[in-house]
Every structure is written in structure tokens, then in C-alpha cells.
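S.K.: Per TrEMBL, the feature active site, proton acceptor 2 maps to E251. Per TrEMBL, active site, proton acceptor 1 is recorded for E251. What TrEMBL records for H380 is active site, proton donor 1. Per TrEMBL, the feature active site, proton donor 2 maps to H380. Per TrEMBL, the feature Zn(2+) 2 binding site maps to H250, H254, E278. The disulfide bond annotation in TrEMBL covers C19-C25, C219-C237, C405-C417. Annotation source TrEMBL lists N-linked glycosylation site at N22, N22, N178.
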Amino acid sequence: MYNTLLSNMETKYSVAEVCRDNGTCHPLDPDLQKIMAESRDYDELLFAWKGWRDSAGKVLRQDYKRYVELANKAATLNGHSDNGAFWRSLYETPTFEEDLETLWKELEPLYQNVHAYVRRALYKKYGSKHINLKGPIPAHLLGNMWAQTWSGIMDLAMPYPHATQVDATPAMVAQGWNATRMFQESDRFFTSLGLLPMPKEFWEKSMLEKPSDGRQVVCHASAWDFYNRKDFRIKQCTVVTMDDLITVHHEMGHVQYFLQYKDQPVSFRDGANPGFHEAIGDVLALSVSTPKHLQSIGLLDKVETNHESDINFLMSMALDKIAFLPFGYLMDQWRWKVFDGRIPSTEYNKEWWNLRMKYQGLCPPVTRTEDDFDPGAKFHIPANVPYVRYFVSFIIQFQFHKALCDAAKHVGPLHTCDIYKSKEAGKLMGDVMKLGFSKPWPEAMTMITGQPKMSAQPLMQYFQPLIQWLEAENNKNKDIRGWPDYDWKPSTSKNTAVVAQINREIQNSDAKKQLSVKRK
């Protein structure tokens, strides 16, 4: 029953599409993702945002309620108070929740500075009708279906439009890169550190592109360990973009971890904690993203080392890494509260938006009700994948990056470090990965960083030049940090206003009865 329910939820999510009046239908990958990242039309973005939630979210609400009951039942049988407690137990840290809150409080001022700066940029684009400089940001304007990363709107938020911008996508396309080339490049990075190459089964059995034969697949990228010590695969609908090049490294990080601990007993074939597994590929991607590295693999003509180019680069990283933090934190805040009953099933959506407001400073572009189920429109909810691992990863990857850069004898600011070809850095990583889950994670952390705790300091050090720049820029514009006008709502566009007017007229007439019969 439980497995059937999970499989049904994941299937409903994967086959969801958004259809236009003319009959054209758009899947999430790549169509809706592309609209969210590239369209600057308020109504078009709203169409994709609302359409996706109507088709992928709503349909899961009843299934999810039943899933919560069954997941809690299983957790209690295994000696946990609820399923959230079971998920947290994987971190083996009694103060885990308090530690996360402390880290978030340390990072919140930096997030609020990025938020205020981006809100100003969106105000310039969309005006006071759609953006309130003291309020939350409408959630569909940030270049991503869930507003989890904001790199899609770098063109609107570019600090210095005339200085260099680091986007390798045009060069990748011009040079005829394809999915295989992207994975080969990533493999080359791992082996340059003295780590393991991908086995031949990986290249033969992975699905690196969306099938062109019309099959419906779950496009969300994932890495697979078949636990036979030789079969490891990735499933990804790769698109030739810089963004996907980073995802490729992330997924290859999982497979490298699988390869390193394959000779451990089965119960130890896992990451030191779930965040470690997510961080490995991302650490390499921090090096790959640097202008220096992109130039070395022929994706950037010249590297300009000046303040303006530096700030542009750090802003592009912040729209990915800093913008993500509150989302990475709130996903499981919501689920933990659902599992332990603090959020009843009658308030799923209301409490979801309360958390989105509290942590991210975002509001829905149109009214939401309990007929909606917006959490379900994010893959990890129907797919039953815990999420706080990504929040942990986004913090510890900077701790690892700093330690590996020290091992590689890097000189200069942390954000310019590229560990490519450093066998010393590779050995540090390899030794920890080989352990798998056989030692408590603070021991693994100590092996890499010399101390056992999660710390936000290396992340702050990495972004230090941008932190100072943002403070000055926001002060200059007299931009408020935070969203005191939290109950402000964006003005509905002309199209939605017309629809609302028609609906009102229908409600006020007997036509409503006849229409409802036809709709059934």
C-alpha cells in the first residue's frame, strides 16, 4: 500500500503538463523550466507557475494525507515518535534542530541583503504594480518554478552589465557540446584529483538525455547505486547549459561517493550524513564555476581580474547558493510539522505559505486556498526525499572547499580557488568518502576540516567582497532589509482581472447552474 502510494504520487508528478487554450501542452522539463528562466512577461510566468501547481500539486493532496499516516505508522513501529523524528535521527546529533536554527540566524542578514537587492532589480523591471519595495516578492518572478535558486534572473540583477559575465552556456552551444561531453568533462575533473574514473557500465547504462522515442520518464536528475559494486548510473534529462553542467558535477559527486565506499558492508554504503552525499559534487562545481577553470576548458576567452567582474561572479553564485538557503531550510520545517501534527491536514497550504513568507520573503502571485497543494508541486514532496540535506550541504560544501583549497596550496581570495589537478585535495576527499557511513559524521568532518562542527564561516568568507558591496548598495538605495509589509498582495494582471470579473458575473447569475453541469 505504502509503496504503491509513493509510486502513484511520483507518477502523477512526472506526467503533469500545462496546456494552453490552443491545445499545446508543456511538460516541466524542459518547457516550463525554460519559460520560468527566460520569460520576462508577468502573465506568461503566471500561466506557467499557476498551471504547474494546478496540474502537479492539487492532484496529490489526498494521497499525501494518506502517505503521512502510513509513514508515521512505519516510523512508530521502528521506535520513533513520528517520521520527521526518524529523518532527523540519520544525523545522530541530539541538538540538530537547534544547530540548524543557529546557522540560519547567522546567514539570514546575508539572505536579506540579497533579497532587498533583487527586489529592487525586479521593481525596475515590473514596477510598483507588481513589486512593493517593503514587501515580499511574488514567487513566480525569480527565474525558477519554486524560487529556490534565482540564477535565472541574473540578467536583471547584474551589478555591472559592462564587466565580464560568467555564463558558459553560449560557448558550450557554439562548440557543439552535448550531454556526453558534459559528463566526460566532469569525469576528467574527478580523475585529475586522483579519484576514480566512471566504470564502463556507467557509460553504457546511464540515461543522460531525455528519451526521444516518446517514453515518459521522471526527468528529475538522480544517481543510482545498484549495490552490486559495479553498476552505478545517472538518470538526467541533460540540457546544454552552464546550469546543467553544475548539476552534472553534483550527480557525478554521488556516483564518486558510491564508487569510493563500494567495498564497505552494505549498511555502511552511504554518506557520513545525508548532507555529505549532496556536498561532494557541489564542492567540485565551486571550482568548475570559476572563470579561471572555465577558461582552462575553453569556455571563456579571457579572465578579467578586477573588482567589477569579481562582484558579477559572486552575485551569480549568490543567486544560486544564498537564495537557496531559506528554501532548503523550510521544506523540512513544513514536513516535520506535518509529521508531528503541528500542521493539520486542513492547513497544509496555509502553513506552507506562512513558511515561504517567514524565511524566503515570498508571496503567491494569486490567491491560494486549501483546494491547492503547492508543496506537492515540488518533486521531493511526492518522491519522499528529505530536503534538509541540501541546506546542510550548502553550508558544509564551503567548509570542504576551504579545506581542499588549503590542501591545494591556493593563494588568494577563496572564491577564486580551483582545485583542478590537486592530488592532495583529492586524497582528503577520497579518504573521507571511503569511510561511507562507518564513522560518525563529526569524525569525517574533522578529517577534512580539522574540526567537528558545521560552520557558516567559510561561506561568509567566500562571499565577503559581495557582502560588503551589497550592504553599501542597499544603503545607497535606502532599501529596507526584510518585508515589513508582509500582507501586501501584488496587483493582478489584466488577464486575471478579466477572468475574475467573468467568474463574478457567473456567480451572480443562474448561468452558474447550467455551466456547472457542462463542466462535469
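Backbone N, Cα and C atoms are what each Cβ position is placed from, and that goes for glycine too.
Unlike curated records, TrEMBL annotations are generated automatically.
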S.K.: How many whole Å apart are the CA atoms of E251 (active site, proton acceptor 2) and C405 (disulfide bond)?
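M.R.: The separation of the Cα atoms works out to 22 Å.
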S.K.: Of the recorded positions H250, H254, E278, H380, which one sits closest to C25 (disulfide bond) when you measure Cα to Cα?
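M.R.: Ranked by Cα distance from C25 (disulfide bond), first place goes to H380.
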S.K.: Pull out the recorded positions from the set N22, N178, H380, C405, C417 whose C-alpha sits within 10 Å of the C-alpha of H250 (Zn(2+) 2 binding site).
M.R.: none
S.K.: I'd like to know which of these glycosylation sites, N22, N178, is least surrounded, judged by other CB atoms within 10 A.
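M.R.: Counting other Cβ atoms within 10 Å of each of the glycosylation sites N22, N178 gives the minimum at N22.
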S.K.: Return only the integer: C-alpha distance in Å from H254 (Zn(2+) 2 binding site) to C237 (disulfide bond).
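M.R.: Between the alpha carbons of H254 (Zn(2+) 2 binding site) and C237 (disulfide bond) there are 17 Å.
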S.K.: For C405 (disulfide bond), which DSSP three-state class applies?
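M.R.: In three-state terms, C405 (disulfide bond) counts as helix.
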S.K.: Cβ within 8 Å of the Zn(2+) 2 site centroid (H250, H254, E278 excluded): which residues?
M.R.: A223, E251, G253, H277, A279, I280, G281, D282, S393
S.K.: If you count Cβ atoms within 10 Å of the Cβ of C237 (disulfide bond), leaving out that atom itself, what do you get?
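M.R.: Within a 10 Å radius of the Cβ of C237 (disulfide bond) lie 21 other Cβ atoms.
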S.K.: Using a 10 Å cut-off, grab the number of neighbouring Cβ atoms around the Cβ of C25 (disulfide bond), all chains included.
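M.R.: Summing over all protein chains shown, C25 (disulfide bond) has 12 other Cβ atoms within 10 Å.
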S.K.: How far is it from C237 (disulfide bond) to N22 (N-linked glycosylation site), counting Cα to Cα, in Å?
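M.R.: If we compare the Cα positions of C237 (disulfide bond) and N22 (N-linked glycosylation site), the gap is 27 Å.
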S.K.: Looking at the recorded positions E278, H380, C417, which has the shortest Cα distance to C19 (disulfide bond)?
M.R.: H380
S.K.: Can you tell me the CA-to-CA distance separating C219 (disulfide bond) and H380 (active site, proton donor 1), as a whole number of Å?
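M.R.: With distance taken Cα to Cα, H380 (active site, proton donor 1) is 13 Å from C219 (disulfide bond).
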S.K.: What whole-number Å value do you get for the CA-CA distance of C417 (disulfide bond) and N22 (N-linked glycosylation site)?
M.R.: 50
S.K.: Out of H250, H380, which has the highest number of nearby Cβ atoms, where nearby means within 10 Å of its Cβ, if these are the recorded positions?
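M.R.: Ranked by Cβ atoms within 10 Å, first place goes to H250.
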S.K.: At a 10 A cut-off on CB-CB distances, which of the disulfide-bonded residues C219, C417 has the highest count?
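M.R.: Its Cβ has the most other Cβ atoms within 10 Å: C417.
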